[in-house]
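Participant: A single structure is presented below for examination.
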Amino acid sequence: MDTFQVAVRVRPQNQKELLNQSKSILQIQNGKQIVFDPATTESASGHVRQKNLGFSYDYVYNEKSTNTQIFNEAVNPLLDKLFAGFNLTVFAYGATSSGKTFTIQGSQSEPGILFQSLEQLFKRLQPDQTLKMSFVEIYNEQINDLLNTKNVNLQLRDDVNAVQIVNLTQIKIESIQQTFLLINKAFQFRQTQATGENANSSRSHSILQFDLQTATNTVKFLIIDLAGSERLKRTNCEGQRMLEGCSINKSLLALGNCLSALCRNNSYVPFRNSKLTRILKETLSGQSKVLMMCNVTSSDLQYEDTLNSLTYAQRATYIKCQSKINIQSIQLNQTELNQIIQQLKEENQQLIQDLEKAKITQHLEDTTELDTILKELIESTSLLYLNQCDRKYLEFENNTENVKKIGELQELEQLALEQSKQLKDKLKRFTTEKAQLKIQNAHSKIQENKLSQLSILRGKIIEQMQNINAHQKHVIIHQQEVFEQLSQLAAVALGESEVAPLIKQFKRAPKQTQAQQAKSADDLMLSQLNTQQINTTQNFTKNINICEPKRIQTLEKWNANASRVKIIPGLTRKISINKYEYENQLDELTSQLNNMSGSIRRK
Ligand SMILES: Nc1ncnc2c1ncn2[C@@H]1O[C@H](COP(=O)(O)OP(=O)(O)OP(=O)(O)O)[C@@H](O)[C@H]1O
């Protein structure tokens, strides 16, 4: 049995996915293999992508698989190992709303693997063994005690082999009922919020630990429900939710980096980069049996997320660490000894096979390592371009509310950039012709990703520009009409000699700009957004206000006549109004013009 096992679970499509008639992009081939975007798939948008990527794992579960089936096949055998003296960690990974919490906690009718494990723990517990429990969450890089809510922001302390959480509450548990109550209460304190994708999204990583103790030995069983990896755009998160999202993504990226280093057997593994990876150091460095439950949906609405999760999980399958039995001073009965002997035999067999493989296929291992690095490079550059394009679009929107998001995206870009740089450095040692060819292919793929992200960005910007232009065009046409009416009224109030130059200036302005600036149809349309024209309009309305006394004078003269007819040179319409209509119209038109100028400027 491998020390690090990976199971993938595909959840049934949810209401949103069904309503959108989304297509399935996953094809489960057997209990161990899955094809992403198989050759026959067509997405909801009709666009055929067909990456046709095959992945294999220790277990693959489909939409109909139940928590009980998963527990019996993947978790229960690991509990044997726990009782034989091995530490054990089960963690759920996946995008937001992919079903992690459902797998761990389950529902009333379908208890998750946590509750099923608990039943087994109590069933197998020997009189000389005790069980203790602790429960924390990591929220925004802060560790909070879920068994004592006053105990927040706990610190970590490095011991020889493990990292300890200082002042952590540990409660001795003696019955299932007592433990259920404690856990259910603790869940209420866990940070959850509604996001665009999940009405009850976990915003923290939760780590539940059971210590199985005898007089001489302690083994640990960790059940971890990670917060969902998320693309900030998809979850529509802002403010606090967005900060949480960034912190979640950062710690998951740190975990991914540790997994990569482990699968390449690097001597240095960057555990210290996040609280999550510091806590998991003991688990991941071979002192624990590990089951990673990777949750995904088959819907093509989550195309990128599913691909990312499957790739992340695939990387974990390369980890070949040897778990050590957790011996302090251990007294084992015959059955336990037999189990350990069997375990050691299996591992020994595995080692012999690995050694043989290593001797014969040294260069193949190099190729595998190169493949892994290139795969990660493609992933991290894709993430980089995605973030860059998201940021560029926010910058284009030029909205003050975006400033914070832009800063956060820049931070993520920086991380992805650093990771890509490190990976590129690693590529330098692969110098054979075959390796160079692979590297060249990967670079073409990276370039392709970049171009496709840029073309999406370009499409979004053009669409937005067209919306803006259509709006501006409409406002300008309307503005000209209003201006014309206003000119006539103003001429009555101010006299033609004062108004005529302003009218001339107003009418001439667009021609100058068009001639100077228009290079294409788009430019021509944009040139109508004429600052000079707006300025003239504003001056014009200002003049009318400044000339208020003159206007009153004119109006007084007007009293003598009940109505008046006037034609202004250069304007086509006649006006025939009385004093009150005149005043009302002038006020209304002036304010309309001001509003429109403001509207154009804002756009
Ligand atoms: N296998 C499944 N069968 C039925 N319903 C499921 C399954 N998996 C998930 N769901 C439902 O999908 C929704 C989202 O699942 P869940 O909350 O477990 O996602 P999550 O990955 O924990 O999300 P987040 O990271 O946002 O906390 C829930 O309503 C859950 O009941």
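Cβ coordinates come from backbone N, Cα and C, glycine included.
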Participant: Look up coiled coil in TrEMBL and report which of 89-120, 185-216, 409-440, 441-472 it refers to.
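Facilitator: From TrEMBL, the annotated coiled coil range turns out to be 409-440.
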Participant: Among 47-81, 327-361, 537-571, where does TrEMBL put the label coiled coil?
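Facilitator: Spelled out, TrEMBL records coiled coil over residues 327-361, not the other listed ranges.
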Participant: In three-state terms from DSSP, label Ala95 (ATP binding site) for me.
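Facilitator: DSSP call for Ala95 (ATP binding site): strand.
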Participant: Got a sec? Which of Gly94, Ala95, Thr96, Gly99, the binding-site residues, have CB under 6 Å of any ligand 1 atom?
Facilitator: Gly94, Thr96, Gly99
Participant: How many other Cβ atoms are found within 10 Å of the Cβ atom of Thr96 (ATP binding site), counting all protein chains shown?
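Facilitator: I count 24 other Cβ atoms within 10 Å of it.
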Participant: Ten-angstrom check, please: count other Cβ atoms within 10 Å of the Cβ of Ala95 (ATP binding site), all chains counted.
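Facilitator: Result for Ala95 (ATP binding site): 26 neighbouring Cβ atoms inside 10 Å.
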Participant: For the coiled coil (327-361), what's the model's average pLDDT?
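Facilitator: Looking only at the coiled coil (327-361), pLDDT averages out to 65.
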Participant: Within 10 angstroms of the C-beta of Gly99 (ATP binding site), what count of other C-beta atoms is obtained when all protein chains are considered?
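Facilitator: Taking all protein chains shown, Gly99 (ATP binding site) has 20 Cβ neighbours within 10 Å.
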